[in-house]
Every structure is written in structure tokens, then in C-alpha cells.
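Taken verbatim from Swiss-Prot:
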type	residues	note
ACT_SITE	HIS67	active site, charge relay system
ACT_SITE	ASP112	active site, charge relay system
ACT_SITE	SER211	active site, charge relay system
DISULFID	CYS52-CYS68	disulfide bond
DISULFID	CYS146-CYS217	disulfide bond
DISULFID	CYS178-CYS196	disulfide bond
DISULFID	CYS207-CYS230	disulfide bond
DOMAIN	29-255	domain 'Peptidase S1'
CARBOHYD	ASN169	N-linked glycosylation site
SIGNAL	1-26	signal peptide
Amino acid sequence: MNIPFPFSFPPAICLLLIPGVFPVSCEGIIGGNEVAPHTRRYMALIKGLKLCAGALIKENWVLTAAHCDLKGNPQVILGAHSTSHKEKLDQVFSIKKAIPYPCFDPQTFEGDLQLLQLEGKATMTKAVGILQLPRTEDDVKPHTKCHVAGWGSTKKDACQMSNALREANVTVIDRKICNDAQHYNFNPVIDLSMICAGGRKGEDDSCEGDSGSPLICDNVFRGVTSFGKCGNPQKPGIYILLTKKHLNWIKKTIAGAI
């Protein structure tokens with residue numbers, strides 16, 4: 001199946017989606033703990049050639065990362081806890097339309113956001129619910145406690161996918177630290193549209209299979225998992241901040257969709 005993409009992007013300066021690589025060696029939540037089944041009702045499992053995750057933000061819209069590979073015939077599974085078998089509470093959807101943020105830059109990962117319009121609308125149940133977008137576009141201050149969920153490896157040296165949804169606690173790190181020579185060294189630049197966050201000496205982190213997962217800080221949806229180095233404390237997880245510009249794009253795209 002070929003997923004349709006809109007053709008109304010601004011020219012030249014805004015790059016179209018091309019498959020990106022999460023620069024890591026394995027997939028999934030590093031460390032963390034398994035969550036109680038169906039307690040993260042907003043989580044969307046995007047199952048194609050590779051796994052990604054996302055957040056259900058309306059009955060037929062999922063927000064994820066632009067670099068997620070949608071080749072093949074991907075499905076969006078809502079209400080999932082296990083990746084290995086179908087559950088009674090699962091709701092499975094094909095993707096009607098994939099709309100990457102028009103200024104996504106696959107080299108720097110700036111604007112690494114993507115909206116997926118589902119074929120059909122989700123039914124709200126005890127396993128499926130909507131994650132509200134933030135009401136304000138405030139920055140997230142250093143030392144803020146956050147959490148991120150996903151499906152994947154529990155150890156950075158073991159790349160076997162986990163069967164269950166797991167969650168890691170991470171703490172926001174000052175961008176000056178993330179950009180210094182001991183961390184990303186401005187390659188790429190961690191700018192004001194990104195959040196840098198890591199766990200206990202790299203023991204808790206997000207990873208490739210978690211791309212697109214929502215970052216929740218103080219019970220507010222603040223960012224989308226973009227890239228990192230899977231538990232490497234020198235390369236903490238980077239999340240796309242839901243800025244005013246990003247939120248306006250999300251709302252206008254959903255309002256203007258057919």
C-alpha cells in the first residue's frame with residue numbers, strides 16, 4: 001500500500017519526509033518498568049517494517065515522528081499492551097494519510113513530527129483514549145521530571161524487543177549541557193524546538209522502537225521522541241518540543257483535512 005502524502009509543502013527551504021535512521025544500535029525503552037496493561041490509553045503502536053509509537057490526539061489522528069518508516073503496509077494499533085499477539089481490546093487501523101511537518105529536516109531532525117490520519121475513528125474504551133495537546137507552548141525547564149513509554153529492549157546491549165509496553169522516567173537536561181563537547185557537541189544542534197532528557201546515568205532512556213512516543217512532563221504532553229543513543233549518557237534522548245508553531249500546524253492540518 002502506498003500511503004498518500006499531501007503535495008502542498010512550501011518549496012526548497014522545507015524538506016519532505018525521507019526515511020531517517022535513529023542513530024542507535026538497538027530498539028526500545030532502555031531500563032524502565034512494564035506498565036499496568038491499558039493504563040497508557042493514548043499510546044499507539046505503529047507496526048510496519050519497523051516499530052514506531054505515537055499518541056492518539058483525536059479519534060482518527062495520531063501524532064508521531066516524521067522519520068518513522070512507513071514502507072510496506074503499516075497498521076496503527078490502539079489499546080495494545082503486547083506486541084506479539086492480538087488482544088480483545090485492540091483497535092487496528094490502516095493509515096489514510098501521512099502528513100509530515102513541512103519543515104522537517106532529516107539531517108538535523110528539526111521538526112521531526114508527523115500526523116497520521118486513520119481509516120476510521122477510534123472508539124473510546126477502557127483501553128483507548130485521547131491524549132490532550134498542551135494548552136500552552138511553554139518551554140520545559142531543566143530538572144523537570146518526565147516519562148516516556150514504548151515497546152522494546154530493556155537493556156542497551158540486548159536488542160530483542162520486549163513483549164509489553166514499558167515506561168522510563170527521564171529528567172530534562174539544560175540545552176547548554178546537551179550541546180557541550182561531552183555530549184552532542186552541536187552535532188546536531190539541540191535548539192529551542194527540542195527537549196533533551198535522560199535517566200539515571202543512561203540506565204533509563206528511549207530508543208529506536210520508541211520513535212514518536214509522547215514525552216509527558218508533569219502530566220502534560222510536551223514532546224515527541226526523535227533521536228538519541230539508547231542509554232548512552234553522553235547522547236541523551238532528544239524530543240521535539242510542542243511549540244506554538246508546531247501546535248498551530250497540528251490544529252490547522254487536522255481542521256483542514258478531508
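Note that Cβ sites are derived from N, Cα and C of the backbone, with glycine treated the same way.
Feature map: annotations from Swiss-Prot on the structure.
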residue	record	DSSP class
CYS52	disulfide bond	strand
HIS67	active site, charge relay system	coil
ASP112	active site, charge relay system	coil
CYS146	disulfide bond	strand
ASN169	N-linked glycosylation site	strand
CYS178	disulfide bond	helix
CYS196	disulfide bond	strand
SER211	active site, charge relay system	coil
CYS217	disulfide bond	strand
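A Cα-Cα distance of 20 Å separates CYS52 (disulfide bond) from CYS196 (disulfide bond). The subset of recorded positions (HIS67, CYS146, ASN169, CYS178, CYS196) lying with their Cα within 10 Å of the Cα of SER211 (active site, charge relay system) consists of HIS67, given in sequence order.
In terms of local Cβ density within 10 Å, CYS52 ranks first among the disulfide-bonded residues CYS52, CYS68, CYS178. Taken together, the residues of the domain 'Peptidase S1' (29-255) have an average pLDDT of 88. With CYS217 (disulfide bond) as the anchor, the candidate recorded positions are HIS67, CYS68, ASP112, CYS178, CYS196, and the one with the nearest CA is CYS196. Neighbour counts of Cβ atoms within 10 Å were compared across the recorded positions ASP112, ASN169, CYS196, CYS217; the minimum falls on ASN169.
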